[in-house]
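Scroll down for the structure; my scribbles are underneath it.
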Amino acid sequence: MDPTLISLGALALAGAAATVSGCAEDLESDVGSQSNPNSQVQLGPQMGNIHRYFNKAISGEPVSYGLYVAVAGTIAWALINAGLNAVLAIIVGSGVAAIVHGAYSVSAFLGRIVGQSKKFGQPVYMDVLTSHIGPIVGHGFIAVFTMTLAAYLATTALGNPFPLPLVALIFGITVGAIGSSTGDVHYGAEREYQKYPFGGGIPVANQGDIDIYAEYGVRNGLDSSYFCSRFGGPLTGLCFGLIIFLDGWRSILGNIVGGDLVTKTSIALLVGLLVVAVAAVINRKLEVYARNKYGPYRN
């Protein structure tokens, strides 16, 4: 079979895996209130808002997912070199990473909540721990598995020269950064502040004054993930999937059109710059259109 067709198929699969990975990663962080929105959850009891959110801020998402995917990639790489089937090796590595993820989540939740119990009266709800840890580990496993699969395809079918553990680390950092900057805005700036007028941002005076009641009953992290699965999660997945797909596409296009290594590299760089320029123009047009249509925010 034509090597170019194999590369295109692998790239399509890697892009699809990255899309699923980004969505699962963002929804996992919504269940556990990690990264940007976590500072608001952490401030809630200090503002008198006793909540039932899962508060786990182990670290920023780029660092934590860099760790999880690197663990999965390292174990998978070792098992593959030992002769195990690649898919099984990735599953085993992702399972170990999920256990690490769960251990950090439990210790972070108990540590942060207990630290606020005496001074601010925030109880440790054990049912929140038991009901949220499953979705956290489950979404985390899906995210880590698909990221490790994309990293494996990059190192085998797409010609990435770096070893699987390093590529997995980079992919984990990347998807964590995208989830933190793209999907978490839907949770931290909207879901947690639905009692305030939409579009006003989060003034300093309102920080920590989070919503603690849902449409029915008291709100928790599972409600947040359900809400964000409609927009924030898919948007994160689309962003990460496009990054993986377009980055691989420019390299394949350089291999198709170019002859020697310098020509291939130059074409790939030019295509990458063109993609960035087109994305910047589209973003600008979209922002101007939205501002002209809806106007400035007024309280």
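The backbone N, Cα and C atoms fix where each Cβ goes, glycine too.
Here Swiss-Prot flags 57-77 (among others) as transmembrane segment, drawing on sequence analysis.
Under the heading transmembrane segment, Swiss-Prot lists 80-100 (among others).
Feature annotation from Swiss-Prot assigns transmembrane segment to 133-153 (among others).
For 158-178 (among others), the entry in Swiss-Prot reads transmembrane segment.
The transmembrane segment annotation in Swiss-Prot covers 226-246 (among others).
Through the fold, the transmembrane segment (262-282) approaches residues 246-247, 249-251, 253-255 of its own chain, all at least 6 residues removed from its boundaries and within a Cβ separation under 8 Å. According to Swiss-Prot, the transmembrane segment annotation covers 262-282 (among others).
Using a Cβ-Cβ cut-off under 8 Å and counting only residues 6 or more beyond its ends in the same chain, the transmembrane segment (158-178) has close neighbours at 7, 10-11, 14, 18, 21-22, 25, 35, 60-70, 72-74, 76-77, 80, 143-144, 147-148, 150-152, 236, 239-240, 243, 248, 251-252.
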